[in-house]
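Undergrad: Here it is, the structure, as structure tokens.
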Amino acid sequence: MKTFSQYLMVHSQENHIPKELISTVESIIIACKQISRNVRLGALSGVLGEAGTGNIQGEAQKKLDVIANQILIDTLRTNPNVAGLASEEEDNFVAANEQGGYLVLFDPLDGSSNIDVNISIGTIFSVLLKPSGSLKTESFLQKGSEQVAAGYVLYGVQTLLVLTFKHGVHVFTLNEQGEFIETKSLPQIPEQTAEFAINASNQRHWEQPIQKYINELLAGEDGVREKNYNMRWVASMVAEVHRILMRGGVFLYPKDNRDPSKAGKLRLMYEANPLGLVVEQAGGKITNSRENMLEIQPTGLHQRVAVVLGSAEEVGHVRELHI
Ligand code: P6P
């Protein structure tokens, strides 16, 4: 089994990946290892509980949200290849190195509500080429298909790194010496599934096509699907995506009629797009229930979207119901 460094050397040579992009991703992983050390210690390092602050999303920040965000900013700013950063926890982008060729966007700690109850959380990251000209918000507003690398680090039963440079997906496990070792290469998401993930407590607020779709699944073998489905909900998107990457499934966070102005809860730039690139690179699909997620032209750093992702056949069923 290859170490992360050995993988990077082989993969970058085989796929002509610029050393500046490799360096940028290495900095992200250095930061995530430091975040993992904080997460693992929990109460022992005084990092649990509320920070007493809020972010632009209007969400109360956990201490670990703030810590993880600062670790990523401090680490990435020292890399001369990084021109700028955007974070779920920062209102505006953060300028880094003017000569840098890459932009890094991240959700420093997705699933924060799970931190204090020891359920999996994760760091999600996305890398874009910096367009020519001065750095501005519009520099970041690129389609998901423009990403040059994306992935996540899942702080779960194991600490896992899942990464793609758009030549397939690779999975690494953090060992006791603090080194990521490649443990799975090119996982493929099964086309079909009998497992769905949705927060069913919001059912009365969904649009009709989603209600119809979920009712079809709940009807099981007695309904039009003629098979029984199982349900999971972890309230940590990274954990749901990883389960789907490993065994298939469909994840939905639909638009909620309580706030018609919001297209959805989840964020396009640093949740849906990076996780969507991993899913598509593993043969799955991701939409906003109507159109391909990675082709949506972003209009804002913190833009929200509805999300349907996972096994291609199920994502297709949802899309058909919206036509
Ligand atoms: P709810 C975590 O806060 C998150 O952004 C995703 O990771 C997760 O899938 C979703 O929100 C959970 O939302 O409404 O079930 O708490």
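Quick reminder: no glycine exception, Cβ is built from N, Cα and C everywhere.
Any TrEMBL annotation is an automated prediction that lacks curation.
Taken from TrEMBL, the feature Mg(2+) 1 binding site covers Glu88, Asp107, Leu109. Sequence annotations record features per position, and here TrEMBL assigns Mg(2+) 2 binding site to Asp107, Asp110, Glu271. The substrate binding site annotation in TrEMBL covers Asp110, Gly111, Ser112, Ser113, Asn199, Lys265. Per TrEMBL, the feature domain 'Fructose-1-6-bisphosphatase class I N-terminal' maps to 3-184. Annotated domain 'Fructose-1-6-bisphosphatase class 1 C-terminal' per TrEMBL: 189-321, in sequence order.
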Undergrad: Round to a whole number and give the Cα-to-Cα distance in Å for the pair Ser113 (substrate binding site) and Glu88 (Mg(2+) 1 binding site).
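TA: Their Cα atoms are separated by 15 Å.
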Undergrad: With respect to ligand 1, which members of the binding-site residues Glu88, Asp107, Leu109, Gly111 satisfy a Cβ distance under 6 angstroms to one of its atoms?
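TA: Passing the 6 Å Cβ check against ligand 1: Gly111.
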Undergrad: What is the number of residues in the domain 'Fructose-1-6-bisphosphatase class 1 C-terminal' (189-321) that are helix, strand and coil, as DSSP sees it?
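TA: Tallying H, G and I as helix, E and B as strand, the rest coil: 59 helix, 22 strand, 52 coil.
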Undergrad: Please find, for Asp110, Gly111, Ser112, Ser113, Asn199, Lys265 as listed binding substrate, the greatest distance between any two Cα atoms, in Å.
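TA: Greatest Cα-Cα span of the listed binding residues: 16 Å.
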Undergrad: With an 8 Å cut-off on Cβ distance to the Asp110, Gly111, Ser112, Ser113, Asn199, Lys265 Cβ center, who else from the chain surrounds the substrate site?
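TA: Here the non-site neighbours turn out to be Asn114, Ala235, Ser236, Met237.
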Undergrad: Measuring Cα to Cα, how many Å separate Asp110 (Mg(2+) 2 binding site) from Glu88 (Mg(2+) 1 binding site)?
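TA: That comes out at 9 Å between the alpha carbons.
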Undergrad: How far is it from Glu88 (Mg(2+) 1 binding site) to Glu271 (Mg(2+) 2 binding site), counting Cα to Cα, in Å?
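TA: On Cα coordinates alone, these residues lie 9 Å apart.
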